[in-house]
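According to TrEMBL, the feature substrate binding site maps to 83, 106-109, 172-174, 178, 225-228, 408, 419-420. Among the features that TrEMBL reports, ATP binding site is placed at 102, 263, 322-331, 333, 356-359, 383, 410, 416. For 102, 104, 326, the entry in TrEMBL reads Mg(2+) binding site. Here TrEMBL flags 162-260 as domain 'Glutathione synthase substrate-binding'.
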């Protein structure tokens, strides 16, 4: 009943073109890596062993993962839509470097709305008489790239009458972002339905071949825009999730790929030798991936964890404390970080978190346009996300590409949080 415009910056923000190109160049490598992790049962088991003891949400996802593997996977086509997020870290010498914040493997949003910001910022620059600058803004249409991946998975599923199901939340604020992707699919004559976990629980069923049906319609692809935080689940919703996972339908993501996006996995990847184990024979890809890593540290019980806890309590402004959660607004900084670590320093509860070096970007001035907010110049920092799409059939990678980018900008007083969390706003990179 109430529509607000999505928040955005008045002007495009400056982004170093070398770092922008580096982020694009490494995206296919990250797609390969996420896919490799999702297929490596032993790696996920070892990496998440300490986390699932203290984090019920990750433990429940892991239980479903193991159950589906024991039954034997019905799914043969796999679709990944990831978004790898970076900031530009200004080191001691002031040279900016690309550092990965995280990789989102479920419900990576704003591919739709960000497809529209280039036109907005182009118009602003023209109004200011800056036609030359306006012509330098790069075209960007992630919703088309995401839809291409979904369409390919739908085609390989091999049932022309089957539908694509967007799994959405009960209350959907970010609907227009999803509609952009949906419209791209309708334009390819692919039917889209929108359902909630509750609908799956009440009306979903599997036939003998584990094909998924809802309201009598066969579902070829399940595209999750929900299901990434604990509050998305009650007992019924967990049962619905299990039903979806057991089905032949292409899940985006399947549960193993969701687990591949956990912070604990991210931290494990930064350990020497881990990338080599996961991507044997891909030395160049490994070098490109490793170049984007910020310092990541385990808080597992033991000497190394004790040392990191002590270091963070002594100098909290050097670090960020991250729980195993998606969706923004969960990280802890400064005094709050110190208080939490002092409370849990001697408890296994600390293994539910990882510690990361705090990235220090160079702020710029911009105006953040938000519904019902006063307009003022703010010191801002930006985060660049690159969308990646891949499709695998059996062992064969059928599609692997970068599908566009997302620039989000926020005022420096907000340490954490994305657009959906009400902190960051949509932006367009102006390459220099």
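Glycine is treated like the rest: Cβ placed from N, Cα and C.
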Among 228, 333 [binding-site residues], residue with fewest other Cβ within 10 Å: 333
Confidence summary for the domain 'Glutathione synthase substrate-binding' (162-260), mean pLDDT rounded: 97
Top Cα neighbour of residue 173 (substrate binding site) in the set of binding-site residues 102, 323, 410: 410
Rounded distance in angstrom between the Cα atoms of residue 226 (substrate binding site) and residue 323 (ATP binding site): 19
Spatial neighbour of residue 104 (Mg(2+) binding site) that is closest, considering only the binding-site residues 228, 323, 333, 358, 410 and their CA atoms: 228
Count of other CB atoms lying within 10 Å of the CB belonging to residue 358 (ATP binding site): 19
When distances run from the Cα of residue 358 (ATP binding site) to each of the binding-site residues 83, 107, 109, 178, 228, the nearest one: 83
Of the binding-site residues listed as 102, 333, 410, the one whose CA lies nearest the CA of residue 228 (substrate binding site): 102
Secondary structure content of the domain 'Glutathione synthase substrate-binding' (162-260), with strand meaning DSSP E or B: 41 helix, 26 strand, 32 coil
Candidate nearest residue 107 (substrate binding site) in space, where candidates are the binding-site residues 323, 333, 410 and distance is Cα-Cα: 323
Distance [Cα-Cα, Å, rounded] between residue 323 (ATP binding site) and residue 109 (substrate binding site): 20
Inter-residue C-alpha distance, residue 102 (ATP binding site) and residue 83 (substrate binding site) (nearest angstrom): 8
Binding-site residues listed as 107, 323, least Cβ neighbours within 10 Å: 323
Candidate with sparsest Cβ neighbourhood (10 Å radius) among 83, 173, 410, the listed binding-site residues: 173
